[in-house]
Amino acid sequence: MAEVVAEVAEVAEMPTQMSPRVMEMSAPILGEKMELSTELTEMTPGEAVASSLFFQFMCSECGNLYNTLEEVLSHQEQHVPTVTEEEALTTQDTGLEPELVPGTEEGPFQCGECSQLILSPRELLAHQDAHLRESASQIQYQCGDCQELFPSPELWVAHRKAQHLSTAAAKPPVPPPLPPVTPPPPPPAPLEVKMEPYECPECSTLCTTPEEFLEHQGTHFDSLEKEEHNGLEEEEEDDEDDNEETEEEEEAAAEVGDDAKGGDKSAAGQAQGSGDGPPHCTSAGTRRRHRRASHGPASAAHPFYCSQCQRSFSSANRLLAHGRAHVGGTHECTTCSKVFKKAASLEQHLRLHRGEARYLCVDCGRGFGTELTLVAHRRAHTANPLHRCRCGKTFSNMTKFLYHRRTHAGKSGAPPSAAPPTVASAVASLAPAEPTPPPPAPPTPPAQLPCPQCPKSFASASRLSRHRRAVHGPPERRHRCGVCGKGFKKLVHVRNHLRTHTGERPFQCHACGKTFASLANLSRHQLTHTGVRPYQCLDCGKRFTQSSNLQQHRRLHLRPVAFARAPRLPITGLYNKSPYYCGTCGRWFRAMAGLRLHQRVHAQARTLTLQPPRSPPPAPPPPPEPQQTIMCTELGETIAIIETSQPLALADTLQLCQAALGASEASGLLQLDTAFM
């Protein structure tokens, strides 16, 4: 044993360490293995090797560690229960061993290594000795340099002396290798920035060249035109186009004729819609030739004809879009017989007949049935258009502005690219340069006609008059009654008015049986049955059934408020004594009729200012000088009348009277002579 310890001391001086696997395997413990890798890593190499050659034994009951097996066995006897005197007497009577007497044991013993149950402590000791021999035979020692395993520490020490101590003394210490020299990384390549200066305002797409930008804008232009065409097919637009106004007037006149003549047109329409109608044309050219040949030049504006509903269209695209409404279920308007593909489109169209204005203009208060017509109307209020061309034209749509600009710079809209230099151009460049003529002055824009009521200006008098009529003038009444000639703002108002001539009252109250000519009158009447007064005065709390009554009542409370027109929005409390305001001179009027009469005065004055100045009229002749009249009388009779511009003396007056008297006597004698003859 002393020799082994001496060899261990020599090995401790070697600069080697055992692997954690050897340290773990060199510590067999009774019942469990003790992991000493953490503790051994903190020791010196000599202490680690010395500790790896000793065994420790653990008590399976309390976990205490002991260096020898005898100490563990003597310690475990403390855990064995003691035998009482009664149990000893019972053991003597039976003649059995104490550990074998039933009832004297608290329970079987269990091996902490393999968890096997054993009846007696003696069998437990024998069983644990078997585990100890197995663990001792499995212990192997590993060389830290060559990773070779040895069953005993003696062989491991001999291997270390023979193989590694001699080679370590012969070889000089090798310095640690230097880290490899890595070449410096190349400088980063400059980033190529792709310039895309043209951004589409519709979808924010970036384009590199003007050609790509204009081609991309063309897609938005086509979609915009398609949407406008679809909107014109399914909806009645209330814009300021003269052609559409003429068509609506013709429709109103035709409907008036229907009511007056008793439906002659409907019978004619049925006859036209029968099988004798025009044949179905397969192409646009055939349809156009057929319309011109059959219906004359008057139908050239709408050459495309629908064979199912007898409607005509101005383009083939509109006819195709209309034809889709007849496929897969249709929705027909009972008022004007128009056909729609979707129920939502029909409901939107019916709002036009009912006179509903869901889209209001915040500038002038006018109402529109569709959002498309409101957007078209809002362009009239734009003071400065967004896009202005150098030729003087202005555009509110950027796409149309770009297409217009292409007319100035060729098809692509980009400046022409420079041609490659030639020999002639090189020779010409060597010659003395001639003075370049000054660039032509840009064309002057046409004179703008300002609006006298707002800061807008227009290029033509027709646009100015249209703007004043639509924005500043009174509401137009372009729909006329064919019976009495009364004008209305909407076609639905004409239809309601015609019922006053025919005596028709289609709307009946279910509560009292009264009939009314319009749905609005019926709705106001039904408030009398329900007792609901939805309009309340914010000052005194009084309620009214109609907004007009509340408006008249509010004039008693509020002072004048500066707004240009009576509000058409729901009740907000902004009313005053004189709600109608003249934007030209600032006067207020109680009624709209008074404001209209007053605005005619301004209109006449503006008409005189717009007319060219005329030549001054000729000066009137000077008035005649005042004359003095002198009457000469004798015996109550006037014998002479003297008129003079200057007063006469009395003597002169007497002489004139005597001369007149002598002349009168002579004439009297002459008359007597002629009488007697």
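Sequential numbering from 1, following the chain as shown.
Cβ coordinates are placed from backbone N, Cα and C, and glycine is handled just like the others.
Summarising the annotation, Swiss-Prot assigns compositional bias 'Pro residues' to 172-190, 434-449, 613-626. Under the heading compositional bias 'Basic and acidic residues', Swiss-Prot lists 223-232. Look at Swiss-Prot and you will find 233-257 tagged as compositional bias 'Acidic residues'. Annotation source Swiss-Prot lists compositional bias 'Low complexity' at 410-433. Annotation comment: Swiss-Prot describes 167-190, 223-300, 408-449, 608-627 as region 'Disordered'. Swiss-Prot lists 57-79, 141-164, 198-220, 304-326, 331-353, 359-381, 387-408, 449-472, 479-501, 507-529, 535-557, 580-602 (among others) with the feature zinc finger, giving sequence analysis as the kind of evidence.
Just going by CB pairs under 8 A, the stretch in 304-326, 331-353, 359-381, 449-472, 580-602 that sits most against the zinc finger (479-501) is 331-353. Secondary structure of the zinc finger (479-501) per DSSP, as helix, strand and coil residue counts: 11 helix, 4 strand, 8 coil. Mapped onto DSSP classes, the zinc finger (535-557) shows 8 helix, 4 strand, 11 coil. With DSSP states grouped into helix (H, G, I), strand (E, B) and coil, the zinc finger (449-472) comes out at 12 helix, 4 strand, 8 coil. Broken down by DSSP into helix, strand and coil, the zinc finger (304-326) contains 11 helix, 4 strand, 8 coil. Model confidence over the zinc finger (198-220) stands at 73, taken as the mean pLDDT rounded to a whole number.
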